[in-house]
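Copied over from TrEMBL:
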- B:1-22: signal peptide (SIGNAL)
- B:83-163: domain 'Cytochrome c' (DOMAIN)
- B:C101, B:C132: heme c 1 binding site (BINDING)
- B:C197, B:C200, B:H201, B:C244: heme c 2 binding site (BINDING)
- B:R240: substrate binding site (BINDING)
Amino acid sequence: MIDVKRRVFLKGSAAAGAVVAAAGAGLIAPQAVLAEWNEAAFRSKSVADAVKAVTGTDASVESADIKIKAPEIAENGAVVPVSVSSSIAGVTAISILAASNPSPMVASFALGETTVADVSTRIKMGKTGDVIAVVQAGDKVYTAKKEVKVTIGGCGG
Amino acid sequence: MKKTVVAIATLCVVGLSSTVAAKNAADTTPAQDLETYRSYFTKKFPGVPLQEFSNGVYAIDQISRDSWEAIEEFPPYEPFIEEGEELWNTPFANGKGYSDCFKDGPAQRKNYPHWNAERKMVITLPLTINECREANGEKPLKWKKGKLASLLAYMGYESRGQKTNVVIPEGDAGALTAYNEGKSQYFSRRGQLNFACASCHMQSSGMHVRTDILSPGLGHTTGWPVYRSKWGNLGTLHRRFGGCNQQVRAKPFKAQSKEYRNLEYFLTHMSNGIEFNGPSARK
Amino acid sequence: MAKSSIKLRAKVKNGVTTVKALMSHPMETGQRKNKKTGEKIPEHFIQEVVGTYNGKVVITTSWSGGVSKDPYLSFSFKGGANGETVTVSWSDNKGGSDTKDVKIKGKK
């Protein structure tokens, strides 16, 4: 019922164009990866430590094949829409960090074999800073970032 | 799409009387006001189609609009529509329900606000909902948020696409007085900061104030109720009126007071021809 | 709020099913103070969201309190057909949880 009267300005599905080639080989079942909430990653105060806690490595490369969709200026830091997609083959996990938050690691997504590397959520940002996307594929770690300006912070009161 | 940054205290205000003759509210007719008010904004924001003004600041600022569009992918007001529908369908203790008061169903936005000649007052939709409850032995709901807002969300949703059409009945002095009172409130400076609604939402629309871009006053009544991220929940139009009064350190009137009902009457008339599209999401 | 804390949609198009979920949850970081008492509001946030399709996990999401109040999640997977079931479940740091099913809509 709700669908009928939804405002219809939105372009097709967010997945369009970002469908990655299947690369099932060697995937670990997502349950195994994130059976437990990654305390170390989420409590970490630094981006580097958080990324290491999630990926198990310091070695990452910047990649142009990761697309971060986030507003240039956040309307309200309490609700910053962020989408991350990637055309890298065989993505097994995507993480989203807000570099200037006290605890930068915000969300981590473990993808199944058929899952498209394209996720969206809404995050809080205390102040202006980079939104960082970390993409894991095989044993490689790729990153990208995009600055979001925040005028009304969304972390405190 | 002006991006002049102005400090709140220095917002320039050109003679209001030159925009809508407001020196004396009764000097112009509602029809003339509508024409002047609408063309003020369509000239100020050329290229923005009339219907777009129902989207507040998102009609005039692309960057804000980007975030908003992402949020509209799954808007935070949707659960409230569902809650409102449940409330609508839940009978009162006496077995009756809202549909006994609103005979032609929940899509009621086009009928409100209106002038009631017998009671000599402006009748709003929230008022009618609570009167319906009380007539059936139920307690009235709070005006600004909560269940009433959810009911309004459902009714608003069912009314999407209806056009604003507030008629000030001709030859009814009471209706015209109520309209004129709403109008002078819109153009009267109030509060420690000495601002009128029009200072911000006409003269300064499109400008930045602190962290906000001021939305054009045209279409201001169409999108309610609104889920504001700042509130973290859904609120009614009169809740917003109160907030705007407080921003200029003026004492707000009570929700559903005569003052706010008359203001709503005037302001909704100014949006005649624009479709209702509530509920909406705002930052 | 309506009975379920999860609102869910799943649509299939061009062989890809896109799932969108909106959950009702305060997502307290533990950093916010109660304005009246000045005391910190204890952390209370969804830690894990799992999406399954026909009983098979397609996504496992871990969150901190840095995800917005009334959180949103969207993901897509290859496959899916009209009438098949997608499930989204969340669990939070205080032992709260909820789950919701939806039928996929649309033609392949």
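Even glycines carry a Cβ here, placed using N, Cα and C.
Sequence features annotated in TrEMBL and their locations in the structure.
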residue : record                 : DSSP (3 states)
B:C101  : heme c 1 binding site  : helix
B:C132  : heme c 1 binding site  : helix
B:C197  : heme c 2 binding site  : helix
B:R240  : substrate binding site : helix
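B:C101 (heme c 1 binding site) has B:C244 as its nearest neighbour among the binding-site residues B:C200, B:H201, B:C244, going by CA to CA distance.
Cβ-based neighbour count (10 Å, all protein chains) for B:C132 (heme c 1 binding site) stands at 19. Of all residue pairs in the heme c 2-binding list (B:C197, B:C200, B:H201, B:C244), the one with the greatest Cα separation is 11 Å apart. Cβ neighbour count for B:R240 (substrate binding site): 19 (other Cβ atoms within 10 Å of its Cβ, all protein chains included). Each residue contributes its Cα atom, and for B:C132 (heme c 1 binding site) and B:R240 (substrate binding site) those atoms are 24 Å apart. For the pair B:R240 (substrate binding site) and B:C197 (heme c 2 binding site), the C-alpha distance works out to 12 angstrom. The heme c 2 site is defined by B:C197, B:C200, B:H201, B:C244, and by the 8 Å test on Cβ atoms against their centroid, the other residues of the chain that qualify are B:F195, B:A196, B:A198, B:S199, B:L214, B:G217. For B:C244 (heme c 2 binding site), applying a Cβ distance below 8 Å and a minimum sequence separation of six or more within one chain yields B:C197, B:C200.
Ranking the binding-site residues B:C101, B:C197, B:C200 by how many other Cβ atoms lie within 10 angstroms of each Cβ puts B:C101 at the bottom.
Counting Cβ atoms from all protein chains shown, B:H201 (heme c 2 binding site) has 20 others lying within 10 Å of its own Cβ.
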